[in-house]
Structure formats: C-alpha cells, structure tokens
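Q: So TrEMBL has the following annotated:
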DOMAIN    55-519  domain 'Amino acid permease/ SLC12A'
TRANSMEM  58-80  transmembrane segment
TRANSMEM  86-103  transmembrane segment
TRANSMEM  138-159  transmembrane segment
TRANSMEM  165-187  transmembrane segment
TRANSMEM  199-217  transmembrane segment
TRANSMEM  247-267  transmembrane segment
TRANSMEM  288-307  transmembrane segment
TRANSMEM  341-366  transmembrane segment
TRANSMEM  386-403  transmembrane segment
TRANSMEM  415-436  transmembrane segment
TRANSMEM  461-481  transmembrane segment
TRANSMEM  493-512  transmembrane segment
REGION    622-643  region 'Disordered'
COMPBIAS  622-639  compositional bias 'Low complexity'
Amino acid sequence: MEKDDKTTSAGSDKLESRRYEDVVAQDVNVRRLHDGTEDLVGEHDQLQRGLKSRHIQFLALGGAIGTGLFVGSGAILSLVGPAPLFMGYLSMMLGVWNIMNNLGEMATYLPLKGISIPYFVERFVDPSLAFASGYNYWYAYAILVAAEASAGAILLDYWNTPVPAAVWITIILLVTLGLNIFAVSVFGEAEFWFASIKLITILGLILTSLVIVLGGAPNRDRIGFLYWYDPGAIKPYMTGGDTGRFLAYWAAFVRAGFAFITSPELIAVAAGETVAPRRNVPKAARRFIYRLALFYGLGSLMIGVITPSTDPNLLNPESNANASPWVIGIRRAGIGVLDHIINAAILTSAWSAGNAFLYSGSRVLYSMSLKGQAPRICSRTTKRGVPYVAILATWSIGLLAYLNVNNNGAAVFTWFMNISTISGYIAWIVVMVTYLRFRRAMDFRGLLHALPYKTPFQPHLTWFVLVLLVLLTLTNGFQLFFPGQFHVEDFLAAYITLPIVLVLYFGHKLWYRTRFARKVEDIDVTTGVREMEELAALDQPPVPKNFVQRFYLGSTAVVMVISESSQTQSVRPPPHFRHTHLRLPQPTTAMVCSKCQKLGKGATTLATPGVKKKSELYYGSPASSSASSANKTGSSTGAKSATLGQTGIGKSKLLSQAARNPYAQYSSSCTKCKTRISQGHTFCQTCAFKADACAGCGKANKKKIKGAGPTVDGAKYTLK
C-alpha cells in the first residue's frame, strides 16, 4: 500500500512542487533576509537603491518623450495628415495610462531589488511566458538604443556637416554607454538633467506654436487651423472615401505606439533601485497621465497646426528628408536661429531616450540572469552595483545603428520603429495578462484592500485595452496586404517579432514541460511583502519648507487620499490595522504533517500591532471557534483539550484561528517523527493549509484542512 501511495503521488507531487519552484524554492542567486523574504541579488554584489523621487519621475518622463514625438510624428503627419495624428496619439495615451497603472500597482506592492517585468510574469503567470517576454523586452530595448542613435544621426544631418554619420553614431553610443556604466545615482542625475531639457523644450515648443498660430511670428500670419483646410485634416490612406479616412486613423494609431513603447515599464524596472519605492513609485505613476496629456496631447495638435502635411522636408522613407516637424514649422514662420536651437534640444532628447532604454534593457537582462534564463556572467555587478556585463551586452545591439551608413537614414529609422513597435505591443499584452492574474490572485486571497497603490476602472479597462492591443499587433503591417504594397523588408520589420516570441515560448515550455499557467491558488502574492513593509516603515516623507512645497505635497496627499478612499473595499480591517495592515507578520508555514496527520507541537502566534497579549486577537467568534472547528476538522487535528506553547489555546481553536488569520506565523514540529516541519511556503489563506514537506518523514504536506475559515476580508474582527 505504501508503494502504491508513492507511485500515485509521484505525478501530483511533481506538479505540486511547481507551485513556488520558479518563484521561491528554486530561485538562483536569492539571498534570504532576516525575516525569510527575498531580494534578488547578483553573483557579485547587488543593485543599490540610488534613485530618488525626482530621478524616477524624470526617468519615466524622459523615456516617454523622445524621438517618437519629435521626429517620428513627422512621418505620421506626412502619411495621413494632422487630424489622424492627433486622434492616434490621444487613443494611444489611453492604453499607455492603463499599462502604467498595471505596473504601478504590481511594482509598488513588490518593489524588490533586481525585479523586472519578466519577474512578475514568472511569479504570477508562467515561467515560459516570462522567458519569452524577457528576451522580447531586452530585444526591444536594445533595438530602441539603435533607433535613438539613428535618430540622432538624422537630426545632426540637418546642419549638412561634412562629418560622416558613422562618427556621430559612435559619439552618441559611447556617451550613452559612459553614462550607464557609472553608479546608478550618476545615471539618474544625468537622466534628470536630460529630461529637464526635454521638458523645457516641449513647453517652449508648445508656447512658440501658440504664438505662431495667433500671428505673433515675424511673418505676421495668423494661420490658425489653415493647414487643416489646405492641404486638409485627413489624407485618405490606401483607398478613398470613408474607408480611406478610417484607415488613415488606424495607421496613425498603430504608428503612434512607437512614441510610447516601453516608457511605462521604466518606472517598474527602476522600482528596485528607488529610495522609498512605496512612496515614490505611485507618485511617478499618478502624475504620468497628466504629463502625457500635456506633452503628447497638445504637442501632436500643435505639430499639425504649424506644419502642413505636404511639406517635402518631413521624415519620409521615400526621400532623404530628415527634419523634425517642429523645426520645419518654426523655419516656415520665419523665426531665425530658433530652428537650430530646437534641433539641438531635440538631439539631447534622442540621447536621453537612448540612455533610458540602455538602462532598462540591461536591468531586464540582469534580472533574467539571476533566474538562470540568461548567461550567469550577465549578473555580475561592480562594487557600485552596476551590472556592467548586461549593459555591454545590451549596448552591443545598438551597433545596428551603423546601418545608416549605407542606407537611407529615414528608411532605417522606419525599420527600427516598426520592429520596436510590434515588440512593445507584445510586451504590453503580456503585462496586462500578468496584471489580471495578479489581481485575481489578490482577490482570491482577499488582499485587494492591502494594495498600497490602487487605480480606477480595474480590471474592466485592462480587458478593453488588451483586446485593442491584440488588434493593433495583428494589423501592424496591414498596408502591406494591399495590391502592389508588399515589400519583404517591411514585412519582416512589421511581423518578425511574432514568430521569435512564439518560438521562445513554446521551446521553453516543451523543454521544461511547464503547465499552461499557474493556478490561482498557487500564485504567491505574499513572499517579499514583509521586507517591503519594513522598508516603507523606515521611510520619512519630505517635510515642506515653503509655500510651493506645502501646496505641492499637500495636493499630492489629497489626491492619494481620494484615490484610496474611492477604491476601499466594503469590508475593512479593524481600527488597529488601518494604515499598518501590511506591516504584520508574514504567513510562512503550515501545521499538519500529511503522513501522521497530526498538528504540530509548540505552535504559537506572533504578537500583532495593537494587541497586548497574543491570545487577545481572534478572527470570528472566539466562543464558537472550538465547536465549529471541532466538527469540521475531525480526528486529524488530535485531542482538542491539549495546549500549545504558552497560549493556552486548544488545538482545534488554534487551528480555526490560524485558518482565519492570514497574518499568523507558526513554529511547529511533526508529532510523530518529532522533527521540525521545514518552513518557506505560505499556506493558502482561503481554502486550506498547503505546506512544505516534513523534514522528518519526507512526505510532501498536501493535507487539506476541512472547514478553514474565510479570508481576512470575509472575517469578523473581535478585539477584547
């Protein structure tokens, strides 16, 4: 009989061991902290938290404002006209805002050092999808480094200098490498000043455009919306009539993604190296949409107002045009010298975006190396915590920018734009799938109220944007399927990423034979939370020193309170849990050996904030706990009158309390083999305890305790 048990349980044990195999138990290069939680660390040293609030906010903003707005918008304008350009950017802003919210919730909840998007994918969805998405992200960031260097060469060619494009590309790439190879604080400071120049530039351009529109330029022409009438607001695309006008909007919508690609992820990637991430990450995520509305909303509108879509100098793969639409509009208005100043400022934006993309790509590769999905050498860091090998590997892909030397610069930039756009769309789809699984697991365990940062319209908005992005991905190169429009190089640029990701995904799944996705009850949403709560407890929010700071910080606090109150669950924790309900002991182990089926000895609960004695806190009615649990748990719990440790609580009563209290922690040993049950796994807070294997008898503990109480959201709180 014992042999049969071993045979029948072999398959289920193998599947059960996958629950935390890739997240907790089998993580490579994982350092255990004093409380049992984890930080991802490298082979030599680790990343450091050197990014401040202003660094992370400007990092996200710097990645969002780049050549997509300053240069790529010209290609859309020349293709379909100003109205589709404006509508396409507004539509894409909705999707980007949702992606930022998804990542903001997950990264604020678990801002561990060394995290990346693939880490969340592996933890909440599936290791194979994490493997494929990790390389997709790294590939996208590396291609974007080449795209920004290529854009820099295009902008420098505006001055018709005798210096070859290869020299400019070399300078741009070397400076980008130099800024990333130093300490992360140096990178953050450089990115802060680069992004500051971007902000000043885009604000100056918007104000200058308003002056031009109202007739304040030297030519004294009040142009208004003249170019929306002549040559027209919409240029029908691929066909005439209403269909052509709709295709013009859709083409602008598809191409508008390049301006935003991978920019929301910058905050999540930087969360592990951010000071006070629980405070600074939500702050950056919350303000992101307002900045997008200001810069991209007004910016795309102004571009179509000051520059006609028929200008021959707009970026166009069919010609050697190489000017930004902003520069063209200022030059047409007769404002001398300013076009050169703006072109130089736009050049710094390309530099800044490449700087941010190299940073993010190297961190993705570094995180994958920690998980054993990339060469171990990529996890090496300097004494200052810089993953120099991952930086060099990512930077080397940027050398593709030298394709500009023997090809039309606009055509090469368009290739990079198409490749990175489709890769970014796939990455966003994976992010939303991951968020939906994360949210479902949090809801399953009754922990949605514990999220330190919550966003509105979830999960409905995520489902809507997910369907929309799937359509955008499949129609990225729809114009190629019209008669006479098919070109092999354009087709490869539009769709080559899809088979690459599929091969990586199915190859990993077939090799490691992983299940399709983790079960909701097996998704780990607690490991690492305690350490992040301790880090948040040490955070000292800045004190306003003047009126401006008081207004700024005060308005931020009001927004946070309103946001949190609007997302509050119907069942709230008791008074002593509020504002500190996450700073509680983390559940780490179960109490029943599946072989001898007896409760562990010496089980004691930890003290809880606001409770003087350990026995004072009950979930559910203390009077009825023993009776109800005695009827439900049966003989497997042992004698009901026995006491455990110093608490004086009977086994069945403690079992009921433990099942209802997801914040209780136990120290237990098997009553049969007298050895300690190994710790490290969390019990299921909703249906049962599912523990680690007993260290004595070696049997995996899969015993389901019947009658386990409801989760913390469904429990009644009684405080004596």
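Glycine is no exception: its Cβ is also placed from the backbone N, Cα and C atoms.
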Q: Assess whether the transmembrane segment (86-103) lies in contact with the transmembrane segment (461-481), where contact requires at least three Cβ pairs under 8 Å among residues 6 or more apart in sequence.
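A: Counting Cβ pairs under 8 Å, at least 3, so yes.
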Q: Mean pLDDT, the domain 'Amino acid permease/ SLC12A' (55-519)?
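A: Taking every residue in the domain 'Amino acid permease/ SLC12A' (55-519) and averaging pLDDT yields 84.
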Q: Which listed range (165-187, 341-366, 415-436, 461-481, 493-512) shows the maximal number of Cβ pairs under 8 Å with respect to the transmembrane segment (138-159)?
A: 341-366
Q: Restricting to the same chain and to residues at least six past its boundaries, which positions have a Cβ under 8 Å from a Cβ of the transmembrane segment (199-217)?
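A: Non-local partners: 61, 65, 69, 223-224, 295, 298-299, 302-303, 305-306, 326, 329-330, 333-335, 338, 342, 345-346, 348-349.
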Q: How about the transmembrane segment (461-481) and the transmembrane segment (165-187): at least 3 CB pairs under 8 Å, pairs 6 or more apart in sequence, or not?
A: no
